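The annotation domain 'YjeF N-terminal' is assigned in Swiss-Prot to 10-224 on the grounds of sequence analysis. Under the heading (6S)-NADPHX binding site, Swiss-Prot lists 57, 58, 59, 60, 61, 133, 134, 135, 136, 137, 138, 139, 167. Here Swiss-Prot flags 58, 129, 170 as K(+) binding site, drawing on sequence analysis.
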């Protein structure tokens, strides 16, 4: 079995799990987010947990993480760098849960909202990067380039803070291991199913920090078939 997955293989894993193994996408997202939340709890952040959610399923993972950490009694704040009306599928379903729970969240967040949230963070807080997923290639566009730069600057100035990346540090090409202009420098990366190719190539190790492979319920037979090809 291969030790790593490429971008295309990662996409294929999800597609086969849903279409051939009849695993609903919302179940995979729930497993991913719940297990990330459990890992975050094990890291025992003493301050606030600030979750940065982007568009698409990476943001949806962030919503699941926010819900489970909030339910566990942790101090959670959510910044959503997207218009919630643009969410669809599993991400939309989980955003509806967030709004029904009235969890502290700022939608249509801006770089100014991030600056204020970072300024208000207590020491030893944890920042969850659920901005951009494995599909990123080319150059990171506005406003995410500015957001990533601000998070990295905060990390440099606050050595007791933890930056926790969901699946892949935002802006890191998961095939080449090179930043797409800019990329989150994570202390911890929780990646789904298997390590990504870019974690062990290029500059990947400089951006991922400590890596953890998260089980999202993919049948071993699927992985055996895919990685044998």
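Just so it is clear, glycine is given a Cβ too, placed from its N, Cα and C backbone atoms.
Note that the structure is predicted; figures quoted are calculated from it, not measured.
Overlay of Swiss-Prot feature records on the structure.
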residue: 57; record: (6S)-NADPHX binding site; DSSP (3 states): helix
residue: 129; record: K(+) binding site; DSSP (3 states): strand
residue: 134; record: (6S)-NADPHX binding site; DSSP (3 states): coil
residue: 167; record: (6S)-NADPHX binding site; DSSP (3 states): coil
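Reported as a whole number, the C-alpha separation between residue 170 (K(+) binding site) and residue 136 ((6S)-NADPHX binding site) equals 8 Å. Counting Cβ atoms from all protein chains shown, residue 167 ((6S)-NADPHX binding site) has 25 others lying within 10 Å of its own Cβ.
Using a 10 Å Cβ-Cβ cutoff, residue 61 ((6S)-NADPHX binding site) registers 31 neighbours. Compute the center of the Cβ atoms of 58, 129, 170, which mark the site for K(+); besides them, the chain residues with Cβ within 8 Å of that center are 52, 54, 62, 130, 131, 132, 133, 165, 166, 167, 168, 169, 184. Across 57, 58, 59, 60, 61, 133, 134, 135, 136, 137, 138, 139, 167, which the record gives as binding (6S)-NADPHX, the greatest C-alpha separation is 23 Å. The Cβ of residue 57 ((6S)-NADPHX binding site) lies under 8 Å from the Cβ of 29, 89, 90, 91, 133, each on the same chain and at least six residues away in sequence.
A straight line from the CA of residue 134 ((6S)-NADPHX binding site) to the CA of residue 58 (K(+) binding site) spans 9 Å. Of all the binding-site residues given, namely 59, 138, the one with the smallest number of surrounding CB atoms inside 10 A is 138. There are 24 other Cβ atoms within 10 Å of the Cβ belonging to residue 134 ((6S)-NADPHX binding site). In sequence order, 52, 151, 163, 164, 165, 166, 169, 170, 184, 186 make up the list of same-chain residues 6 or more apart from residue 129 (K(+) binding site) whose Cβ falls under 8 Å from its Cβ.
Neighbour counts of Cβ atoms within 10 Å were compared across the binding-site residues 58, 170; the minimum falls on 58.
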